[in-house]
């Protein structure tokens, strides 16, 4: 019982942290709303007291109180909260700006209540990417909007936390996949998962280094100054190089980007990181614009233009109905077929996009030996088709491999026969082939001049 209670307590803490993670992930929404609606004195109280407290109360409420129809109760509570907010605004107990900020706090309360019944304690991957993109866009916008400039330091902190959380989330799912692969491949991990873990460690170390450099950015200025002096001493050994005087002290609107010295001036490294984050925000805005334009263009080509063309044809047919015969109108409408024109225009673009996105699969990408055997069969047939073999759907895999051996004398019949037997066993049998057998079969097929496994 103690172990079960510990597990429940750990799960409750995970859900509480998950609600706070959602608040950090979508902090730009709350921060921009508070900056636009509230005064400077009220802003910090809502962002750092009431909003986190609402998320904590909702999560604790959802864990302690068991809801049967929580969505219905949350809907009823939202109606009551909106009624109270409207009454308070009408009675002038608070302003409508404070009422709007309070409704955002209620949203966090509702998310905390829902977190108690969720089987997972993290947001999906696409929402985490969306939150990071929103942080970068808001950071770029805060550089140009004076009322949002105070958010840049907070957005830097929340963005780094969201990025590191995303890395842990991705690594967790890759480890789950690796654990599943252990049961099918006799302990041999696929190469793609191993390479991803190596990349993950590199990204994690890089993220920690960037965080340390940002927090101790004035130290980086000292290091660069010492490096310049050392290079100058090597080039001019007889001269003493004096360090440039520090910049005059001045107030800084963004304390987070200030150095640790008394000057309180943004360091060069912090300015560089600021430019990089602004550039990343603009790149995301451009990518979103291109994506939206692509959706609109696709909708225009597939739906709107054919409907407009049909309406124009009907309009022209009504005008010419008294003069032209029915058969002539049919021939006139058949002169231009929108579907054929659309396919002629879009098919080359779609084929090029598919070729750019497609990556040739490799033997190491598959987790189990049964999947690898079936991959060897598909790749052998694919390469035989390129060499001139014509496949038939009514043939079995064994008959297909036999036809390949007859048409291509240079191919080894023994290796193709072994592949046929292994494919039937992998497709319809219960026994699992060993890694050595799969490796031996792949090497035998590689010796055929008609089969060379893909290396890209």
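Including glycine, each Cβ sits where the backbone N, Cα and C put it.
Range with TrEMBL annotation transmembrane segment, chosen from 151-170, 171-190, 231-250, 251-270, is 151-170.
Outside the transmembrane segment (276-297), and at least 6 residues removed from its termini, the chain residues within Cβ reach (under 8 Å) are 133, 136-141, 143, 156, 159. With DSSP states grouped into helix (H, G, I), strand (E, B) and coil, the domain 'Protein-glutamine gamma-glutamyltransferase-like C-terminal' (376-446) comes out at 50 helix, 0 strand, 21 coil. 20-39 is the stretch from 20-39, 72-90, 151-170 with the greatest number of Cβ pairs below 8 Å to the transmembrane segment (45-65). Long-range contacts of the transmembrane segment (151-170) within its own chain (CB-CB distance under 8 A, at least 6 residues past either end) are made by residues 21, 24-25, 27-28, 31-32, 35, 47, 122, 125, 128-129, 131-132, 135-136, 138-139, 142-143, 200, 203-204, 207, 210-211, 214, 254-257, 273-274, 277.
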